[in-house]
Structures are given as C-alpha cells and as structure tokens.
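Features as listed in Swiss-Prot:
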type     : residues                : note
COMPBIAS : 1-12                    : compositional bias 'Basic and acidic residues'
MOD_RES  : 42                      : phosphoserine
COMPBIAS : 55-65                   : compositional bias 'Polar residues'
DOMAIN   : 133-168                 : domain 'EF-hand 1'
BINDING  : 146, 148, 150, 152, 157 : Ca(2+) 1 binding site
DOMAIN   : 210-245                 : domain 'EF-hand 3'
BINDING  : 223, 225, 227, 229, 234 : Ca(2+) 2 binding site
DOMAIN   : 247-279                 : domain 'EF-hand 4'
C-alpha cells in the first residue's frame, strides 16, 4: 500500500531502456572482438584510407616526397626535355666543325694562293707601281676639278675628287688632308702630289676585291701564248719571274692538277677566277 502511494506520488516509473555499453566496456568485458567492434574499427580504417587518398587536393598538407622518376616520365617535363635533347649537344658540337670545314680553304685554294699570290702582290700589292690605266683614271679625275687648267686643284676640291674615284673619306680624313695640303703645299696640289696622295689607296686592293679587268691582267701574265689557257709549260716559264723561284716538274704538275677543276690539264680563265675568289 505504501509502495503504491509512493508510485502514485512520483508517477509511474518509466520502462527501463536497453543501454549499449561503451566500447571500452565491450573491449574489456569480452575476450574476443564482437561484430559491432569490428565494424567500428573497420570504418575508422576506411576513413583513414580515404583521408590519405584525398591528399593535398582537399587539404593544404604537403605532398610526401617521391622517389626519382624516369627521364621519360610525363610528371617531370624538364627531365623529359633533357632526356629528349640528350643527343642534341653532340650534334650541335659537330655543327661548328662542319661549318669551319666549309669555310676552311681547301688544298685547291692553297695551291692557287701559292701560284697566284706573289703575282697579285707584285701587280696589285702595296709596293707595286701604279699601272697606266690607274694613272689615266687619276688624270681624268684631276683634270675634272682643275677648272682653270693651271695644273693645280685646291684643297676644297679634294674631297669631291676622291669621291669621284670611288672613295668615301670621312670628315676627319678630309680635315687631315686639307690641313696637310694647306700647311705643306700652299693650299693646292699638282698632279704628281695628287698621285702620291691617292696611290696608297689604290694599292690597298686585295685579290678578293679585284675586278674583272684586274683578273684578266693577272691571267695574261701566265697565259703567254694568249690561247685562254695556262699550261704547265707556261707556268714553268712564268714561275721564276712571277713567283720568285723556279718550280720543279712534280711540284708544277701537282699545283696545276689542284687548280684544274675540269681535269683537262690546263687552267682556263673561269677556273682562275674561281680559285682566286674561293675562301
């Protein structure tokens, strides 16, 4: 009766709810892992794996260091390029040699220089005498600016006269020439003094700057019979005077064969020009 009054006073007791023991209790109370425990641990392991698979794309964590990749791997483009360009340095190393070989004078050019070099130096070098055609050219230019026909031209006309001959003096060169003429020549020059001034400029021409006229003059020095071809006999005859020393038979034939491009045993004017213009 007292118990019923107590229940009525406090209300009916709620039905007891089944409670799950905590994981620690299950782990300590059972000697073996039950199915619920295994499922819970399995889900934790899967979570960890999913988190590790997300990597830096979902979090700001740094990517773990990786081992060295293969040279052809696409993940390392710089190494891929190096791997692809590996043989290129050897090829580029050969390029300068091929280029220098192309521009290096060959034996034919050396033979032509030995054969024609002394001749060109004697005819067109700095120590040579001016030829009749060059003197005529200087005379024509001088007379053009000798307007009063007294045999002199003034220093003011020297620059224009030099340009008529094909030279383009700088302002400093004109000042030096004008001062020299004014101080030592009374402000004007005659033809002989004009030749002394212009002669060195004409003598500075080299073999690769020669025109067709000069090349034909040089060719005629060797072509004694004027048949348009230089033979071994003509070379032997011209060698002492033009080359400064006689040449023996084997040396003459060897030089002629190196310069003879078409193999006919002689050197024509075209072969002569090609040998002198080759660098």
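The backbone N, Cα and C atoms fix where each Cβ goes, glycine too.
Features as recorded by Swiss-Prot, highlighted on the structure.
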| residue | record | DSSP class |
| --- | --- | --- |
| 146 | Ca(2+) 1 binding site | coil |
| 152 | Ca(2+) 1 binding site | coil |
| 157 | Ca(2+) 1 binding site | helix |
| 223 | Ca(2+) 2 binding site | coil |
| 229 | Ca(2+) 2 binding site | strand |
| 234 | Ca(2+) 2 binding site | helix |
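Summarising model confidence by region, the domain 'EF-hand 3' (210-245) averages a pLDDT of 75. Comparing residue 146 (Ca(2+) 1 binding site) with residue 227 (Ca(2+) 2 binding site), their Cα atoms are 43 Å apart once rounded. When Cβ-Cβ distances below 8 Å are used as the criterion, the domain 'EF-hand 1' (133-168) is approached by residues 174, 177-178, 181-182, 187-191, 194-195, 197-198, 201-202, 213 of the same chain, each at least six residues removed from its ends. Packing around residue 152 (Ca(2+) 1 binding site) is summarised by its Cβ count: 19 other Cβ atoms lie within 10 angstroms of its Cβ, all protein chains included. Residue environment of residue 229 (Ca(2+) 2 binding site) contains 19 other Cβ atoms, counted within 10 Å of its Cβ in all protein chains. Residue 150 (Ca(2+) 1 binding site) sits 43 Å from residue 223 (Ca(2+) 2 binding site), taking the Cα positions as reference.
Other than the site residues 146, 148, 150, 152, 157, same-chain residues with C-beta atoms no more than 8 angstroms from the centre of those residues' C-beta atoms, the Ca(2+) 1 site, are 145, 147, 149, 151, 153, 154, 188. Taking the Cβ of residue 150 (Ca(2+) 1 binding site) as centre and 10 Å as the limit, one finds 9 other Cβ atoms among all the protein chains shown.
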